[in-house]
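Take a look at the structure below.
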Amino acid sequence: MEALIPVINKLQDVFNTVGADIIQLPQIVVVGTQSSGKSSVLESLVGRDLLPRGTGVVTRRPLILQLVHVSPEDKRKTTGEENDPATWKNSRHLSKGVEAEEWGKFLHTKNKLYTDFDEIRQEIENETERISGNNKGVSPEPIHLKVFSPNVVNLTLVDLPGMTKVPVGDQPKDIELQIRELILRFISNPNSIILAVTAANTDMATSEALKISREVDPDGRRTLAVITKLDLMDAGTDAMDVLMGRVIPVKLGIIGVVNRSQLDINNKKSVTDSIRDEYAFLQKKYPSLANRNGTKYLARTLNRLLMHHIRDCLPELKTRINVLAAQYQSLLNSYGEPVDDKSATLLQLITKFATEYCNTIEGTAKYIETSELCGGARICYIFHETFGRTLESVDPLGGLNTIDILTAIRNATGPRPALFVPEVSFELLVKRQIKRLEEPSLRCVELVHEEMQRIIQHCSNYSTQELLRFPKLHDAIVEVVTCLLRKRLPVTNEMVHNLVAIELAYINTKHPDFADACGLMNNNIEEQRRNRLARELPSAVSRDKSSKVPSALAPASQEPSPAASAEADGKLIQDNRRETKNVASAGGGIGDGGRIGDGGQEPTTGNWRGMLKTSKAEELLAEEKSKPIPIMPASPQKGHAVNLLDVPVPVARKLSAREQRDCEVIERLIKSYFLIVRKNIQDSVPKAVMHFLVNHVKDTLQSELVGQLYKSSLLDDLLTESEDMAQRRKEAADMLKALQGASQIIAEIRETHLW
């Protein structure tokens, strides 16, 4: 085992550097029948006489032997308080006051130390008899023993009671089954190597050790066969076929050893002398196999198996070291080198921050957020999604009802009854609706301002980690950018307010889109009027026989012919146009845009005035369709005295045809013009925000930072590192160096040959 000691020591340094758990080497579990030489094999591997020996049943309790490597300078370094079995199993605490090079300690004796291995052997016998009795009884309760030595590796060996068939002494009748279950409990651990011990003077085909090993390890990946007592075979026979695997092949190999006899033990023959005599015996009896058998070769084979296990763990350890090295290298880079030229460093950091801030807005930053929108992408989302959807959700006629429209029309006419809808009422109502676009526009400015504030934090956290070295510089940069954004906010709000005020200042009824909408609306209303007259005029005329109907409208039958309806429509329209022309020439109507010229041409804009004049027949039809709504009474009710100081009480009455049509016209005009203004606002507000806020900050950010921070009087204060920065830089450099050394150690272990 000595060959593994330097490897394990190197790995220990690696684990201490990386902070990983120590590789747990496999347990070596020895199984076999009674008196097959199991304990002798373990003693030869450890190199110490510490196990009870004798004839018959000697090992009657499992012995878990933990070998703990200690360097000579670590002896008597600490004191361990290890009373809990779980804690004791994983503990590597030493004890002070030990003068010997090697010592042992039992779990059941707590902190008592044993420097004489004869005392250890005697304590094992005493503890066995205390639990199992002194008459061949067997107990599954293990004995825990730790041996501390500079000549061992951190390894666990398990010595189990030998398999038996017939109970003796105090053994129960099912002793065979109990021992079998005990053995299976230990060898079922996948992280164990099974030493299947078989005596050479028995037939290997009847080996109970190999049989039970194959139950848990059918592929033979962790089973090593050991043939003991080669010197006790019958005269004229040898174990050549068995050792060469011709009888029963074993994947990991079959190794023969020669144990000390009871006479040798009684004569105090040392393990070293026994190994020397064993080598001489093998050279004499098995010269061709001498170099592949014996206790030394068994130890080398176990070393090889343990090294394979270690190497299987190295790739994961190597990956962890590489990841940590990359992290510490990045951390060291973020700490930067000590500042020599403060002026150049300050200018470099300011320039880098300004560049990263602008790049984040443009979408070309080095560190791009993947979990959410940020920077310019979020500003775009605010413009075209948040702001756009908010404007589209504003109802053009929201907050308006028929009473509001009629009241506005009446208030605009003053004391005189109006022949046409005054343009003042349209402007009053449409301005009221346009004013509702100002609040979402200002909210758009606020959202963009908040996002530009968030970009500051984004650049500080991801893009310019060097600023973390200088907390005062970081705070100063944040303050300058925040002040710049704060100064631009009222300017941008004022511009957005002006955009809405511009729309309110002049209602352009000659806007091309508005003129097209009015023309299309006139055609639709005119067509609806003709269709309604042609469909319902005959029934209306028959119910009013006392009134005088123009001869052109008198029906020839209950359902007039299409020609008669068309003729009646034509005359009504001509009458309306004549009346409209006469009134227009007298100066009535809404503005100059609706005036018909001397040549009798139709107006291009404001043509909707003509539809406000209706014929008597159409009023007769419309009165039947109008619905009652609460409206201020024009005259007092009969039977009630009138007091002009009383508040008028709304009563329900039907809208006249003209009132109904006036409301419909105003609503359509408001909606048409509101959509035009909303389109303008939706286009102009983002442009104003970009010009007065976003682009202005981008263009002036670096000059603002340089002007306020790049001053000789501020250099020392701004570039003062945090108190622990130098210490953290040193720790990161030391850790990086240690990780590089650990990586080199792993490379050396991969190239280590133990045989």
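Easy rule for this one: first residue shown is 1, then count along the chain.
Even glycines carry a Cβ here, placed using N, Cα and C.
SER635 is the residue among SER71, SER635 that Swiss-Prot labels phosphoserine. In Swiss-Prot, the region 'G5 motif' annotation falls on 258-261 of the listed ranges 138-141, 258-261, 318-321.
If you compare THR272, THR580, THR604 in Swiss-Prot, the O-linked glycosylation site annotation sits on THR604.
It is 228-231, from the ranges 16-19, 124-127, 200-203, 228-231, that Swiss-Prot records as region 'G4 motif'. Between the listed residues THR87, THR128, THR605, Swiss-Prot assigns O-linked glycosylation site to THR605, with no corresponding entry for the rest in that record.
Within the same chain, residues at least 6 positions away in sequence whose Cβ sits under 8 Å from that of THR228 (GTP binding site) are SER36, GLY37, SER40, VAL41, VAL197, THR198, ALA199, ALA200, GLY256, VAL257, VAL258, ASN259. Comparing local CB density within 10 A for the binding-site residues ASP231, ASP234, the maximum falls on ASP231. For the region 'G5 motif' (258-261), DSSP puts the residue distribution at 0 helix, 0 strand, 4 coil. GLY32 (GTP binding site) falls within a strand segment according to DSSP. Secondary structure of the region 'G4 motif' (228-231) per DSSP, as helix, strand and coil residue counts: 2 helix, 1 strand, 1 coil.
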